[in-house]
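Asker: For reference, Swiss-Prot lists these features for the protein:
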type    : residues       : note
BINDING : Met49, Gly197  : substrate binding site
BINDING : Arg124, Thr170 : ATP binding site
Amino acid sequence: MMDLFPDALASACLQQFRATPPLVHCLTNEVVQSFTANVLLALGAFPAMVVEPQEAAQFSTMANSLLINIGTLHRARAESMLSAITAANQAGTPWVLDPVAVGGLAYRTDFARHLLTLKPAAIRGNASEIMALSGMATMGRGVDSVDTSLAALPAARQLAQRTQTVVAVTGEVDYITDGQRDVAVTGGDKLMTRVVGTGCALSAVVAAFCALEGDRLHHVATACRIMSQVGGQVSQHVAGPGSFVPAFLDGLYQLETLTY
């Protein structure tokens, strides 16, 4: 069995994050913008969502990291994303790709595969998305995955090796790999799948942690630990999706340490 990501490393990364809270430029989908911003704020980061192409490029040189989420992709948004990524790469700003619903739709799949050539610092997706991005057959259904994260781990490793990045494939168990090293993160709750935007918000947290100096595999794994731990804890004390969201934000705000 793969080793779980250690508490001590996760807690150290969280302390580093709290000491240097990043400014995160989020080019994310229109369904989840408010929730994503609130998750980052609850953790202590600073979100911004600048979408006009010229401004997106300018702001990416000011931010500490950039999120590219293609959930509600259209051509104008794609232009903004390419402008932001180009500027981020020139400035040395790390950026994260969330390849929402790739595989089933041609335009976004082609666009996401082009983005792979632009050197993302990390990629975060569900099993079907990661398998599709790597070129493997999947059983995805829109933004949802029918494949398991463990089944997608070989694809994640291959994708990480090919793109020289960290890949997080998330599900009942999250697996994070740089193509050579793998770590696992457990926790969370099925209730999280009944709330729009938990995966997209995780990608924003991954982007925030990619702003930190040090071992990027550990930083991405810590982002997954945070969302899984708080989500799992909160789910035990709420009645359903409606009460989950405010309790989840409170849990992120109050988070001090990471323990299984």
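The backbone N, Cα and C atoms fix where each Cβ goes, and this holds for glycine too.
Help me picture where these features are in the structure shown.
Answerer: In sequence order, His25, Cys26, Leu27, Thr28, Gln33, Ala37 are the residues of the chain that are 6 or more apart from Met49 (substrate binding site) and have a CB within less than 8 Å of its CB. For the recorded site, Met49 (substrate binding site), the DSSP three-state label reads coil.
Arg124 (ATP binding site) falls within a strand segment according to DSSP.
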Asker: I want to check the contact list for Arg124 (ATP binding site): same chain, sequence separation of six or more, C-beta distance under 8 angstroms. What comes out?
Answerer: Val96, Leu97, Asp98, Val167, Ala168, Thr170, Gly199, Leu202, Ser203, Val206, Val220
Asker: Taking every protein chain shown into account, which of the binding-site residues Thr170, Gly197 has the largest tally of Cβ atoms within 10 Å of its Cβ?
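Answerer: Buried the deepest by this measure is Thr170.
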